[in-house]
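A.B. asks: Let me begin by handing over the structure; questions about it come next.
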Amino acid sequence: MEQNTYYFVGIKGTGMASLARILHDKGHQVLGSDIEKETFTQAPLLAAGIKILPFDPANLKPGMIVIQGNAFDDDHPEIKRAHELGLKILSYPEAVENEVKNHTSIGIAGAHGKTSTTALLSHVLAAVEPTSYLIGDGVGKGNADARFFVFEADEYRDHFLAYHPDYAIMTNVDFDHPDYFNDLADVRDSFETYGKQVQRAIFAWGDDPSLRDLNVDVPVYYYGTNPDDDFRAENIQRTPEGSTYDAYFRDQKLGTFTIHLYGEHSVLNSLAVLAVAYMEHMNMDEIQQELANFSGVKRRFSETDIADTTIIDDYAHHPSEIKATIDAARQKYPDREVIAVFQPHTYSRLAAYIDGFAESLSRADKTFVTPIFGSIRENAGNVSSADLEQRIDGSEGIDMDTMDKLLQYHNAVVVFMGAGDVEKYEEKYKELLK
């Protein structure tokens, strides 16, 4: 295999970090640039020996292949320099499509549940067959001889339209990016376009009306808990240890499966994984064992215990994700107080869903709201965290200087949620607890 030098502009991005590790695993030279601020994707890159540089056009050298992160436009100094040098430049989705096309590929799309489902499917398949995978939490593994390539297919700005996978999982369709899509129908149309590029089959959540009438060229198998779903979970038992259920494909029982994960969404995600494994004629006993072995994903219901407090870290940044995360906390800790600390992610998203956020956060026993985390594209807006607080009974604002407000809660489950840098609040709280 020809060895190349890949230069990533924005290498610390979650997808970019995953792809960098895949190309590195395959023996290519990999380096890249990003902001100096530390991120959770950084340590694994450095541990793999991948160099991370500050942005500087002088980093670019003849012969490099440049991978342009989604957050960076053509007027970025490094991208301009790459054009001047006549270097080959690939967008992140183009680079992913290049990697997946020589394998049996499964692209996981959906407004919510993409990363968790991608991680679960990657874990299960990799334990049974050589598998490459790209997960949206910065984890990636490359294997030149892989039978399968599992990857996250993000609908934001229609990035997933670069992909033509063998199989697609569609977890749900939701209006999650008001800065790009006009409405739910607009998002649904993008999913249908993606579906038309799938080569073999689609596995879609049966309860989502947007997915029920997809006009595509391959079979669509629905998964869920209803009698008319192709892949079904029945006799679901949810306990503080996880969930157990009987899985069926139409009239055929596939077995009884246990997952040590929480919330109804985790049952659905595991059912989608089963569907892929079944279609690829895999041994269900092995799949059963690997589902039970899976322990979770970074920033998806990640738990830490300090003294009598359980801290949960979760990427939830949309009302339905927050509802699912609080529901999962209540399943695992039915007798404890649940305290939510939420960092709104982008002004446009808070403005679009402020009532939904209020409704979901009201499921916690107490809610604290931090200042809004802006983005590269928007750092101001006509909405504030206080507007959200006013809609939630008994909620309060909190920031880095007032984290000691949380110390009044004992034997509680404190859930930190957000897609920005909510970890900084969490770390401050951990220091105070210690």
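In case you wondered, yes, glycine gets a Cβ from its N, Cα and C as well.
OK, Swiss-Prot features for this one:
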{"type": "BINDING", "residues": "G110, A111, H112, G113, K114, T115, S116", "note": "ATP binding site"}
A.B. asks: What same-chain residues, at least 6 away in sequence, bring their CB to under 8 Å of the CB of G110 (ATP binding site)?
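C.D. replies: Within the chain, G110 (ATP binding site) has Cβ neighbours under 8 Å at T117, E155, I169, M170, T171, N172, V173, W205.
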A.B. asks: Can you tell me the three-state DSSP label for K114 (ATP binding site)?
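C.D. replies: It is helical.
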A.B. asks: Tell me which of the binding-site residues T115, S116 sits in the most Cβ-dense spot, judged by other Cβ atoms within 10 Å.
C.D. replies: S116
A.B. asks: Taking 8 Å from the centroid of the Cβ atoms of G110, A111, H112, G113, K114, T115, S116 as the cut-off, which other residues in that chain fall inside it around the ATP site?
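C.D. replies: For the ATP site, the extra neighbours are I108, T117, T171, N172.
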A.B. asks: Output the one of H112, K114 that, of all these binding-site residues, has the highest number of other Cβ atoms within 10 Å of its Cβ.
C.D. replies: K114
A.B. asks: Is it possible to get the count of other C-beta atoms within 10 angstroms of the C-beta of G113 (ATP binding site)?
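C.D. replies: Taking every protein chain into account, the count is 25.
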